[in-house]
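Working notes, structure below.
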């Protein structure tokens, strides 16, 4: 028994020790001898585990393993991360019976999909007299404060959002580092751990019946999670940013999209909270100011800088728009989403899209890369999403969102749903504007002129010369035999006549727009510049 109680640090997102206000709150009484219990609970939903593929689950488990190793290293083995499987309130109740909990501290999960879980925890704490502490650190600003500052309603345009956060002020700097080396930690008895469903060590994906699929052999990049990896990648990313700033341009990943090189994105680490968004934001801004100052000393003026973290601000906007909208991930009941009459769900079309069997090499390569690695360049995300919806198959964005949430490492509920609504012209876009449709063939020729990407992820086409690799349907029967690629046998026929589909879809969008005498309240860009700057918000 511990007479003064113990403090729980409940990890959900925010899988890190740096910039962790919840950790600081849990350590406030350490000088009084109140020990710490760091926990993560597999409850079937937290950290996006309701529907999760192998790569996403492995990334999460990597992150938990890294946390456990850091805790043990900093405390010479006295501290560790307790990983449970079960219902959080039942676990907390049982812990309280054994060690009398004083506080439960957690990073605020602002999305409405976590409301039921967190409200149950609050009710339990009120019942048992436990203090429940939530701290904002997964976003730059508290979305609830943004809405309150905007008069109690979410800002319908990005410009309104910017105006609101300017009133609030710049985002807080990262919190000070927590000193855990001298903290006291609870050691749970083996019988109690077993009773509570506590793992002896961080489990593997197979424990949850999640297995690597048959696309794994295509993987070029093996993403690993964890704070240690995230901070190392941040240093590499800042070198890229410095080089770009010194050359006078910003957002280098957008200025020169390269679908073949190893990505330098931090988005997966931001999604799981292995890297603090505030640490990233201020690291980039401080770097730009230093580069700007050094240039000024040399008599060189570097202009701009307003957009260097623009993608992070869009991330904030999507979080804010979702916070009071439990139907944000669907059309029905979603007040900001236009109800577009998509075609009846066609499982054959959807499955061919999911598996990369559409007959369009760039689409197929991208969808297979997603399954193999859990990753896609932002340009490819836009392309496959447009192809599924208004730019091709005319299927609803909802199945696409579900697929991305399962397999994409950095997919979180708010940002991923917001991106799908934008790309499908359902929200955050000019009203039902289908004028900008990416042609996957033309894009492939521009981004992959030699066919390197296609040969890697669509090996059926590896023998094709570059003149045909993006349009294999142009091969004659003799050429198909020569290059050992029979269309319809080794590689599928095209799923649709794309040019006809695009024209039909544009007509449908135009007809729907004309039928709306009074357009519904619609999240939209404030001006053309926002449309120009928008890319799938992934490659932060």
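In case you wondered, yes, glycine gets a Cβ from its N, Cα and C as well.
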Listed co-binder of FAD (same site as 265, 267, 311, 378, 410, 411, 412, 416, source Swiss-Prot) among 237, 352, 446: 237
Structural state of residue 378 (FAD binding site), classified by DSSP into three states: helix
Span of the FAD site, taken as the largest CA to CA distance across 237, 265, 267, 311, 378, 410, 411, 412, 416 (Å, rounded to a whole number): 23
Residue 411 (FAD binding site) in three-state DSSP notation: coil
